[in-house]
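See structure below.
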């Protein structure tokens, strides 16, 4: 009987040892399969990895449960057979099984520790790509879930086949997993990166992924066993931007906009505006795109074919004729128009004409500023109004100015009227001067003889009172204001002053040997105090109407106007100046805004909108800012610029922080663009005629 019991105990021990061996072999096969899977395919997105991090814990717990049950069974057998001499063999086998199980467990932990460390490093570099791969992530999540189910089924089938596995097979050591270089394709809502160092294999890999959306990936991430501390480490690495973060290569598009009040930001905006593509095409801007580049040392030819001459308005002083504290007329300190355009390679000039003189005198001075020579106001004109016939001498910016050699003329405020009158004299002459010359003989200026067509390519006016301004009628041309203006000219005409306000032809300049008292007495007898030959009168409604009747449209010239408005309608229907309008124009804005005619009320502080659009007796057409303004023989009226007062066009309001230098840069480069299109249109027409 004792022998039968020992045989049964031996059979039980043998059976238990077999069960333990089978379980150990099963664990070895599973761990080997997991190690191989982790070597083949690292994780590709955050969502799939999160699911992977959760599932290995469940499988690890299942393995640990099997180990605990096996150990418990073996302990029970030890207690039951502790006194038997044959237990030694069972203990040896048990220790071998435990050692192998422990070794397999260490292998699993080693593999997963390495995997967690590598995944943590990889997560940071792939964070921005993961954010851009939402669609791919959802598809891959489905694939991961299907694969996990397949793996569980495979593990169960492996258990039934584990009896054929060699028990002496050594466990495979953990191997280093190479970093994953797969990149997720950016979605349509993410701007493309300008980084030239991005991997070139991205498109090929994305194409492979998108080619078979329903095909399961056989290289799924390995199961991992991590604790809470390791999981926190992974999440922290996901939140920190890494070197490969795309957001660092998009020039701050994801960052809030920086204020542009600082000079550095404003200068950068101006630089960007100046470096925008310039076009010379009439209909297809893209075909004739042209980038603005500064003139090189050996570059003589400017970007524009015809010189651009900017003509200032009433009270304007430019260049050496401007006092020390007088602001830069063209652009102020916001954007120095002449200087910046010259840096970009354009041939531009700022004319210096009378600040207080009439449009007639200013037009004559403008001609000699371009052509060069001593100013000749005309014998008939000098005799009629009672001032000197000759004025100062100009060097000239274009001594060979003649028909066929053209200029572009851009005038601000009264400057727009001045250039219109000069072009009229060039083309049709001055009838009074021609008649006086026939009657009295002598010399006559070429400006007054007429017949000088094709010398002006375009005329552009900025906030010009083509039809006059009520501010001049009710304020500027009043006797009190005129006396103040002429008194200022009288004072600045002293022998120690180098500032010329433009009334020297009226005697407003102290002679070298003349005392100041004698100078005052002489000037007080000048006819200017009662004359209409001055700016104050020419800016009135009546003075502007006379100019409109004197001038005509040239069918060969491109005409363009720009207009601003800086007033709003009050509760009583009148126009009041907007907040931010230049403070010196508050009174004039209210004078215009309370005009009896409603259509004359809206204004830019000095000029009514209706007056700036175009001369009332000449044809016009409304154009957009995008279409090429190249029509000739008709006024092309640009859209009204909301919020721009009279001096915003030239940027001299240093108290207006809303108007930036970049805004002026865009405005004037837009004008230059139109002038280049005019030249391109003319060249195209010449080629067609030649063919």
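Glycine is treated like the rest: Cβ placed from N, Cα and C.
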Legend entry - Swiss-Prot annotation, Ca(2+) site containing 645, 648, 653, 656 - matching residue among 573, 580, 593, 685: 580
Legend entry - Those recorded positions, out of 413, 580, 604, 656, that come within 10 angstroms of residue 646 (active site, charge relay system) at the Cα: 413, 604
Legend entry - Alpha-carbon distance [residue 604 (active site, charge relay system); residue 656 (Ca(2+) binding site)] in Å: 14
Legend entry - Winner by Cβ contact number (other Cβ atoms within 10 Å) across the recorded positions 604, 648, 653: 604
Legend entry - Cα-Cα distance linking residue 413 (active site, nucleophile) and residue 580 (Ca(2+) binding site), given in Å to the nearest integer: 20
Legend entry - Three-class DSSP secondary structure - residue 648 (Ca(2+) binding site): coil
Inset, instruction - Find the one among the recorded positions 413, 645, 648, 653 whose C-alpha lies closest to that of residue 604 (active site, charge relay system). - result: 645
Inset, instruction - Tell me the Cβ contacts of residue 645 (Ca(2+) binding site) under 8 Å, same chain only and six or more apart in sequence, or just say none. - result: 564, 566, 577, 578, 580, 581, 582, 585, 604, 605, 653, 656
Legend entry - residue 648 (Ca(2+) binding site) versus residue 413 (active site, nucleophile) - Cα distance in angstrom: 12
Legend entry - Fewest other C-beta atoms within 10 angstroms, as judged across 413, 580, 646, 656, which are the recorded positions: 580
